[in-house]
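Below: the structure, in structure tokens.
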Amino acid sequence: DYCCRRPPCTLIC
């Protein structure tokens with residue numbers, strides 16, 4: 001999985 005947003009990650013692609 002890839003973090004779509006910068007930390008803190010609230011959305012996972």
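The backbone N, Cα and C atoms fix where each Cβ goes, glycine too.
According to DSSP, C3 (disulfide bond) is assigned to a strand segment. Annotation comment: Swiss-Prot describes C3-C9 (among others) as disulfide bond, evidence class similarity to another entry.
In sequence order, L11, I12, C13 are the residues near C4 (disulfide bond), counting only same-chain partners six or more apart with C-beta under 8 A. Feature annotation from Swiss-Prot assigns disulfide bond to C4-C13 (among others); the stated evidence is similarity to another entry.
Annotation comment: Swiss-Prot describes P7 (among others) as 4-hydroxyproline, evidence class experimental evidence.
In the three-state DSSP scheme, P8 (4-hydroxyproline) falls into the coil class. A sphere of 10 angstroms centred on the C-beta of P8 (4-hydroxyproline) encloses 6 other C-beta atoms. Sequence annotations record features per position, and here Swiss-Prot assigns 4-hydroxyproline to P8 (among others).
Marked as cysteine amide by Swiss-Prot: C13. Around the Cβ of C13 (disulfide bond), 7 further Cβ atoms fall within 10 Å across all displayed protein chains.
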